[in-house]
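**Student:** Mind having a look at this structure? Questions to follow.
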Amino acid sequence: MTDRKPVYLMTPALAWLTAFMVVPCLLILALAFFRRGIYGGIVYEFTLSNIALVFDPLYARIFLKSAGIAGLAATIAVVIGYAAAYAIASMPRKRQPILLFFAVLPFWSNYLVRTYAWIVLLNREGLIVSLARAVGFDGDLPQMLYTETAVVIGLVYNYLPFVILACYAPLSRLNPEIHEASRDLGASEWTTFRRVTLPMTVPGIATGFVFVFVLSIGNFVTPALLGGGQFQMIGNLIYDQFLTANDWPFGAALSMFLIAIMMGLLTLQTFASEKASGQQRAEVSDD
Amino acid sequence: MQHFRSSIGLLLGTCLAFGSGMAAADDLVISNWDGYMAPEALDSFTEATGNDAELVLHGTNEEIMGKLIASNGRGYDVVFVSSPFAEVLQNMGLAEQLDHERLPNLANLYPEATELAHDPGNQYSVPYTWGTTGLCYRSDLVDGQPDSWQDLLNPSDELQGKTTMLATDRWLLGAGFLAKGYSVNETDPDKLADVRNLLIEAKESLLAYDDTTFYAKLVSGEAELVHAWDGWCNYGIAENADIEYVIPREGSDLWVDTMVILKGSENKEAAYEFVNYVLDADNHRWASENILYKVPNQAAMEALDPALIEQFPNLGMTPDEMMAFEQLRNVGDAQRAYSRVVSEIKAAN
C-alpha cells in the first residue's frame, strides 16, 4: 500500500527547497566560520571570532532590543487581531468571508507602499497633524514619525491580517454547542470566554504571536523607513554587514543566530499547539 | 579544503551573476548608479564607436564592490565608484593601469583633477564628479546663517528634531571628525570614541538619518537643516529657492566619484573608448546640467550656462576651493572599527 503513495509528486518542491533554501542556508553557515579580508570578501581561514562577536554586549543588546520591539508588536497585534477575529466569527456565517476578505485586502498592495503610507500619515506636516490643526488644535504634537512607536505601529499594521486569520480559524471551528452548554450550566459570558473559548483557541493565538514575532524580529524595512534609521534592529545590522560593512562572515554569523531563534520559536509553537489540541481531545473525552 | 573553497566561490559567483543580470560576454558591461549618466549615453556611444554596451545598476559602492570581490573583478568592464573604493580595487590588483594615450580627452580635466590625493596622475581612476559635504537648509525657516558643524550637531532650540544626518558611515563620522578638527580619515581609537560620543549626543536632537530623501524633507518643511552632499542640496534648491547650501567653517571633505576600468576586462579597447567618450566636453557636461553635480572637466564646466550657476551657486565652486578639503581615503582594516562605531551610534538611545 505504502509504495503506491505518489511520493514522487514531492520531488519538484523538495528540489526547489533544497536548491534555493537548504543550500544557501548551508553556505551562510559555512561563511560564518571564515575571516573577512581587509577590503571585504572572504579569507578562507577557520575562525570562531564571528560567532564570539555575536555575544559582544553591543550586538547582544541589539538582539534584545529587537526581541523587545518584536514582542511588543506581536502582543499588540494578538490583542487587536484576536478581538477582530472573535467579532468576525460571531457574525452570521454568510457575512464572514466578506469580512475576512476586507481584513486581508491590504496584503494586495506592496509592503513598501503600505509602510510609506504611514510616513504620509505621521510626519510633522502629515495628514494626522493637518487634521488636528483643521479641527482647531494648535498646540505642539509630539514627534510621531521616526520613533520606536512608529516602528511598532508599522509592524502591527503590516502583520495584523496574519493574526486575524490565525485566530479566526480555531474560533470559527468552535462548536457553538459547547458555548451554549457553558451558559446553560450557569457560566457568565465572560467566564465562558475565559474558561472555554480562550483555552480552546490558544493554538491560533500562539501561531499569530509567533508569526508576528518572527517576521518582526528580522524586519529591516520598517525600522529603516519609520524609525528614520535611528533604531537598529537585528535585520538592519545584518543588512549593514552584507551591504555596507562588507563583512559577510559576521553577517552570516548574525543570520545563523537569527535563524536559530526563529526555528526554536516555531518548534515551540508547533509543540504547544500539538499539546493544546491533545489536551482538548482529552478534556472532551473526560466530559 | 581547496575543492570546498572553490565550490563556495563558484556558487556565490553564480548567485551574483544571476542577481546582477550579467550581459553577454562581448558587450561592454558598465556598472553605475541609476540616473548617474545620460539615458541615451550608451546608444550614442554605440552609434559613435560601434561598440555594444550594457548598463548594470548598483545602489551603493558596497554593492558593486561585493560583486567585484566575489567574482574577482570578472564580468564588468567599467565601474563607477567613489574614490576610496577605487583605491581598494587598485590595492586588490583589480584595476587597469591606465594608458593615457588611449584617453586623449583626459586633457579636458582641470589640472587639479589629475593630482587627486587618492590617485595622483590618474594611474587607475578617472574622476567623473566631485564636490563637498556640508549643510543644506531652509533660509526662510532657520534664524541666521548656519556656519558650523555645531549648528547641526548641537542645534538651537528651534531646530530640535528638525535636522537630519547622512547615514553612510564615512560621512556620518565625517561630520564628527570635522567638528572636532580631526582628519576625515582618522583611525585613532580615542579620537573615534570622542566622535562616537559627540554623535550619540547629536542623535538626541535629530529627526532622522537620511541618505536619500533629506532634500524632500527640507522642501516639505519636515526638516529645516540637513547634512547633505552639495549636488543633492541642489535638488532641494530646484524645488524651493529658499534652500541654501553652506560649507561649515571647520571645512568639508572632498568627495570624488570615479570611473575605473577593470584589469580583467575582455573588452579593454571598448572600455577605453567609453571612458574617453564620457570625458568629451559635451558628454561630461550632461552630468552637470542634469544631475547638478560639479564635474572635473574644465571644458565642460566652462561651457555651462551661467544661469545654472546663478540658480545653484555651489556649481560655481572652483577646483582650487575644493582642493583645500581632505579627500576620503580607504582606511583599510580600520573600516571594521568605523562600522562598529556606527552600530554603537545607531543602537544608542
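Just so it is clear, glycine is given a Cβ too, placed from its N, Cα and C backbone atoms.
Feature list, courtesy of TrEMBL:
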type: TRANSMEM; residues: A:13-34; note: transmembrane segment
type: TRANSMEM; residues: A:41-60; note: transmembrane segment
type: DOMAIN; residues: A:63-269; note: domain 'ABC transmembrane type-1'
type: TRANSMEM; residues: A:66-86; note: transmembrane segment
type: TRANSMEM; residues: A:98-121; note: transmembrane segment
type: TRANSMEM; residues: A:150-171; note: transmembrane segment
type: TRANSMEM; residues: A:204-228; note: transmembrane segment
type: TRANSMEM; residues: A:248-268; note: transmembrane segment
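Structural setting of the listed features?
**Tutor:** Using a Cβ-Cβ cut-off under 8 Å and counting only residues 6 or more beyond its ends in the same chain, the transmembrane segment (A:13-34) has close neighbours at 42-48, 50-51, 248-249, 252-253, 255-256, 259.
Within the chain, the transmembrane segment (A:41-60) has long-range Cβ neighbours (under 8 A, six or more residues past its boundaries) at 31-35, 237, 246, 248-250, 252-254, 257.
The list of residues near the transmembrane segment (A:204-228) in space but at least 6 beyond its ends in sequence, with Cβ under 8 angstroms from a Cβ of it, reads 66-67, 69-71, 73-75, 77-78, 81-82, 85, 111-112, 115-116, 118-119, 122, 145-148, 150-151, 153-156, 158-159, 162-163, 166-171, 234-236, 238-239, 258, 261-262, 265-266, 268-269, 272-273, 276.
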**Student:** Should anything in the same chain at least six residues away from the transmembrane segment (A:150-171) have a Cβ under 8 Å from its Cβ atoms, list it; otherwise answer none.
**Tutor:** 69-70, 72-73, 76-78, 80-82, 84-86, 88-89, 100, 103-104, 106-107, 111, 114-115, 118, 122, 144, 197, 200-201, 203-205, 207-209, 211-212, 215-216, 219, 222-223, 225-227, 231, 233
